[in-house]
Amino acid sequence: MATAPKEAKNASSLEEIHTERQEPPKGQKTFTVEEAVETIGFGKFHILLFLIMGSTGVAEAMEIMLIAVVSPLIRCEWQLQDWQVALVTTMVFFGYMVFSIVLGLLADRYGRWKILLLSFLWAAYFSLLTSFAPSYIWFVFLRAMVGGGVAGHTQGLIIKTEFLPTKYRGYMLPLSQVFWLAGSLLIIGLALVVNPTIGWRWLIRIASIPGILLILVFKFIPESARYNVSTGNVATALATLQRIAEMNEATMPEGVLREPAKERRGRFKDLIHPKYLRTTLQIWIIWLGIAFAYYGVILASAELLERDLICSSTAPQVQDSSDDSEESRSPCHCHLFGPAAYQTMMISTVGEIALNPLNILGINILGRRLSLCITMGCTALFFLLLNICTSSTGMTGFLFMLRALVSANFNTIYIYTAEVYPTTMRALGMGTSGSLCRVGAMVAPFISQVLMSASFTGALCLFSSVCVVCAISALTLPIETKGRALQVCI
């Protein structure tokens, strides 16, 4: 691994080791990690970093979206009721919520790289065990454990953020959405082929492969230099920066790497420090609202399309019997996905990158706060537009735009949260935000599938109102991180 102490045995690092406990000689030049990252600039290392750490999104998307394509089959196999199928998704997010806080706390104390590796090992292990689940109860428990492992994948984003120069963060981080899209499309495509042939258990096993392969290439990515400096491990941080400079064919700043170690790391009370209290509370509101809207759109799609058919015709629509597969008429009353259903899922998923170019421009030109405010406001508007009786194509268009907007919201808040907190609490800040995100995800099914059946307009107005609150919270955030250097400590 690049952070091995032997790589730091050179004149410069030996000098630094000597000066860790002493003030540098008067007149001697010094530099910080932030200055080194900006001086080295963007190059080959960052491309490798983007490909490896970005690919964590592929594994995460496959594990999260897996439930959507497996649920109809486990419903049939174990004769499950609706609430039992919904409980699987809820428990995945519950595991994610709990472990987000724990892993964020551990990452700030013991390192991003270690926790990322642990989370991938954990998720891959329990995912494979899920494929051998003998009963529904075991399946629910093991998927909750998988959700806990997936929660640690956020550390990949933090590592990318802490190595990227300031002017590139607003461009490179949103592009990570491409990896999430690739993972979502991959699991849907695999389900189309694997589910009808060798079954859902083999689908889960195959879906574990990307995560296992990523574990093997993590050794090419070092621990965050910002983290190492914050713990006083300056020699290792210097060796990491020198390696990056060599890969990028760039030069290091002149002088000695000098930053005091930060003893206060990963403490919950730092999140509510007077300097960050308002920011933290507003970020939590936004995360919760974005997840509520995102999973609300996904879960409500069937209900919305059904209402569209009623609106666009004066007579009740009769289901085309040609679309009924033998599986959908099975004795256990299962309704398994056919090719048309998988195709619809793919089309809606592609919508998640439809606004990526505009989102990137908005983030870098308008800033994080205003860009997020605009996309949240548009999300609220499109929720209300779903009340309009239109054609099936029109309804699909509204859903497509909603998926694009909620995806843009996620892009922006991920970047903002990673940038606004200092190194000593960045992972914890992301972890607690991720937990609030899963709370929104767990509430969404009750609105999309319960309230919507009782009051369609009421449910859509609730989704829209939450988005408006998030838009206001985004606009009034006290700190704008566009062009702002990453902070080291409070």
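Keep in mind that glycine also has a Cβ here, set from the backbone N, Cα and C atoms.
Residues or ranges marked as compositional bias 'Basic and acidic residues' in TrEMBL: 15-26. Annotation comment: TrEMBL describes 49-482 as domain 'Major facilitator superfamily (MFS) profile'. Summarising the annotation, TrEMBL assigns region 'Disordered' to 1-28. Annotated transmembrane segment per TrEMBL: 47-71, 83-106, 115-139, 178-195, 281-300, 454-477, in sequence order.
The transmembrane segment (115-139) makes contact with the transmembrane segment (47-71): 3 or more of their CB pairs lie within 8 A, with pairs spaced 6 or more apart in sequence. Listed as Cβ neighbours of the transmembrane segment (454-477) (distance under 8 Å, sequence separation of 6 or more from its ends, same chain) are residues 279, 282-283, 285-286, 289-290, 292-293, 296, 300, 303, 307, 369-370, 372-374, 376-377, 379-381, 383-384, 386-387, 409, 416, 447-448. Same-chain residues lying 6 or more positions outside the transmembrane segment (178-195) and placing a CB less than 8 Å from one of its CB atoms are 54-62, 65-66, 69-70, 73, 202-203, 206-207, 210, 336-337, 339, 342, 345-346, 349-350, 352-353, 356. For the domain 'Major facilitator superfamily (MFS) profile' (49-482), the model's pLDDT averages out at 80.
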